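Undergrad: Pasting in a structure now, in C-alpha cells, and then I'll have a few things to ask.
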Amino acid sequence: MIGLSTYRNLPTLLTTTTVISTALRSKQLLRFTTTTSTKSRSSTSTAATTVGNSNPKSPIDEDNLEKPGTIPTKHKPFNIQTEVYNKAGIEANDDDKFLTKPTYRHEDFTEAGVYRVHVTHRPPRTIGDKISCYGTLFFRKCFDLVTGYAVPDPDKPDQYKGTRWEMTEEKWMTRCIFLESIAGVPGSVAGFVRHLHSLRMLTRDKAWIETLHDEAYNERMHLLTFIKIGKPSWFTRSIIYIGQGVFTNIFFLVYLMNPRYCHRFVGYLEEEAVRTYTHLIDELDDPNKLPDFQKLPIPNIAVQYWPELTPESSFKDLILRIRADEAKHREINHTFANLEQWQDRNPFALKIKDSDKPQPNYNLDVTRPQGWERKDLYL
C-alpha cells in the first residue's frame, strides 16, 4: 500500500513530471526549429552566390553592383573637376517632385534640322562689331587656358591624349555648366531693361521682351539638365558666383548705353557655344572617346522640356538639341543687332501673311546663321 505521505506528495510529483516532460518537448522543438533555420540560411546564401555570378562558390562582390553616386575617377589633392553621376546616381538625383510644365514651350526640332546646324562666323563690319568679336575671343581664350580646353587638329584626333588638354567627361561637364550659368544672364538682363523702358516710356516693346525671356529660360534649362548629370566642385561654384556678379553688372550698364553692342556680343558668344558643342558631338561620334557619356541616360527634366526626346534618347541626342538652341540664339541676337533698337519690331514673333519672302521663325526650317539683314525684313 502507498503511504499517506506519498498521497500528500503526489501533486508535487505530478507537477515535476509535467515540467520535465514539457521541457523535453520544448528542447526537441527548439532543436527542430534551429536545424530548419540553419538549413534555410545556407540555401539562401547558395542562391545568392549563384545568381549573376559565374562561380557559385565565390561570394557576391557587392561593390560591383551600381549604387547611386558618381563615376570613379582619379582624385587629385586639389580636385576641381565636376563629378559625373553614374546611371543610378542620375536616377536618384532626378527629383521630379513638384516638377511643373515649362513656362515657355520648346519648338519641335526635326532630326534633320538639328543635324543641319554647323559652325559659322559673321565677319565684324563696324567698330562695335570688332569690339564684341575680339572681346568674346579674348574671354574664350582665357577660359580655355584655365580649364585646359583645346580642339585637336582634324587629322590628329588623339593629339592631346594623355595631356592636360585632353577633354574628359568631368572637364566637359565643368565647361558646360559654367558656360550655361553665364549664358542665361544676357536674355534676362536685356528683357529686364526693356521691361523698365516700356513702363517708363508708356509704350509697347513690340515682342522683344518675350523672346529675350525665352532665351534666358532656355539657357537655364540647359543648366538644370547638366546639373542632373554632373556635380560641380566647390571651385566651379565659386567661379560661377564671381562670374555672374561681374558679368551681370557690366552687361546691364553696357546695355543701358548701347544695346546693339550687347546683342552682337551675345551673337558671337553663341557662335562659340555652337563651336564647343560641335566639338563635343564629334567626340561622342568617336567610340574610343568619352565612354561614360555613351551609356548615360538623360534626366527626366530634359524629356519634359524637349518634346522630341524620350527616356530612351541618348546623351548625344540631348547635345544635338542644345546645340540647335544655341544656333537659334546666335541667329536671333545677330538679327537684333541689325535692327533699330527702340523702333523696330521683333521679326521672330510674328509671321506676316500673304508674303512669299522667307521670314524668321523660332524653328530650324528657315535660318540665317549670321543674322537677318534689316533690308530683308518686314518691320
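Counting begins at 1 with the first residue displayed.
Placed from the backbone N, Cα and C atoms, the Cβ positions cover glycine too.
From Swiss-Prot, here are the annotated features:
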- Glu180, Glu219, His222, Glu326: Fe cation 1 binding site (BINDING)
- 33-50: compositional bias 'Low complexity' (COMPBIAS)
- 33-76: region 'Disordered' (REGION)
- 234-256: transmembrane segment (TRANSMEM)
Undergrad: Among the binding-site residues listed here, Glu180, Glu326, which has the most company in the form of other Cβ atoms within 10 Å of its Cβ?
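TA: Counting every other Cβ within 10 Å of each candidate, the maximum falls on Glu326.
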Undergrad: An 8 Å radius from the center of the Glu180, Glu219, His222, Glu326 Cβ atoms defines the neighbourhood of the Fe cation 1 site; name the other residues of that chain inside it, in order.
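TA: Apart from Glu180, Glu219, His222, Glu326, the close residues are Leu179, Ala183, Gly184, Asn218, Arg220, Met221, Leu223, Ala273, Ile322, Asp325.
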Undergrad: Might you list, by sequence position, any residue in that chain lying six or more from Glu219 (Fe cation 1 binding site) with a Cβ less than 8 Å away from its Cβ?
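TA: The answer is Glu180, Ala183, Gly184, Gly187, His329.
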Undergrad: Might you list, by sequence position, any residue in that chain lying six or more from His222 (Fe cation 1 binding site) with a Cβ less than 8 Å away from its Cβ?
TA: Cys176, Glu180, Ala183, Gly184, Ile322, Asp325
